[in-house]
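Noted in TrEMBL for the protein shown:
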- 1-12: compositional bias 'Basic and acidic residues' (COMPBIAS)
- 40-232: domain 'Cation efflux protein transmembrane' (DOMAIN)
- 237-312: domain 'Cation efflux protein cytoplasmic' (DOMAIN)
- 1-31: region 'Disordered' (REGION)
- 36-58: transmembrane segment (TRANSMEM)
- 106-124: transmembrane segment (TRANSMEM)
- 144-164: transmembrane segment (TRANSMEM)
- 207-228: transmembrane segment (TRANSMEM)
Amino acid sequence: MMMSVKLEREPEPGASQAQTPDGDSARDPDGRLRRAATYASVTVAALLIAGKFGAYLSTNSVSILSSLIDSSVDALASVVTLISVARALKPPDFAFRFGHGKAEPLAALIQSAFIVGSALFLGYESLGRLFEPRPVGDISVGLWVMAVAIALTLVLVLFQRWVVRRTASLAIGADSLHYSGDMLLNAAVMVSLLLGHWTGQAFWDPLFGLGIAAFLVWGAVGISRTALDVLMDRELPDGERTRVVDLVNAHPASRGLHDLRTRSTGLGQHIEFHLELDSHLSLLEAHAITDEIESSVRAAFPNADVTIHQEPAGLDDERLDHRLRPRRG
């Protein structure tokens, strides 16, 4: 006896199925949080660009220019995030039956390209000013703008991190990483302005600009690696896979599992495995047991889609586990 059952996510108890104007289900509070985080990000980015542009005109500081460039890239990245989140939250359709969740890691990959481009430009400008130093003007405006920027960014990052904990959004997580870096960048700009003012040496400004450029590239590499892992269907961490195995084996009727495959969908996880059951069970009994196991897995992974293929225990057939290439090392 061999059966394959696709187990879909059920709506949360008491959740409404009314449709919102954009077509998303009103039962998804995570969607509202994702949108709120992206709107906040775009708003803060616009405010930072305006303030830093004025500060750059006042000081002619390459460090402030670096911060202005970074904020401009962040604004563009935030718009990309806004579009990608709206796309990712669309329900599955006939053309995309797995949904649109991977729009988020795709946006994160685009963001990393923006960051690298801005870092290269910043590095070029900083090297030029390192060999041909230019005096920095009145730093008071720059210091005030950087202080306000740090305060605004801190509030945004705290909100974004709270949203990421609730939704596990990769795109918002990448956006939050940008702005976390911005806080360090803004602090570095303040230090470079003060050092240049106290020592009278102009090299501090471009030197900090080079350091900030290197920091941006480092962050972009991390973002792109995470995004590529999701786009390439990398397995979930070993700890999460072990958790699935333990949950399945904890059911008294389970005789084991094999061919466990997991991946991130961008909005959640996809978990698929072959469940081994006693061969004498009826179809109805096997289905009931599968429902119970699926419920326990979904309780541990609330955003997961679970696919379970049922097999009689001891069946000798071709398995994915036997075809996998051994891990190196």
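From the backbone N, Cα and C atoms, a Cβ is placed for every residue, glycine too.
Keep in mind that this is a model prediction, so the values were computed, not measured.
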Surrounding residues of the transmembrane segment (207-228) on its own chain - C-beta under 8 Å, 6+ positions past either end: 62-63, 65-67, 70, 105-106, 108-109, 111-113, 115-116, 118-120, 122-123, 125-127, 129-130, 170, 174, 177-178, 181, 184-185, 188-189, 191-192
Per-region confidence, the domain 'Cation efflux protein cytoplasmic' (237-312) (mean pLDDT, whole number): 94
DSSP-derived helix, strand and coil totals, residue by residue, for the domain 'Cation efflux protein cytoplasmic' (237-312): 30 helix, 26 strand, 20 coil
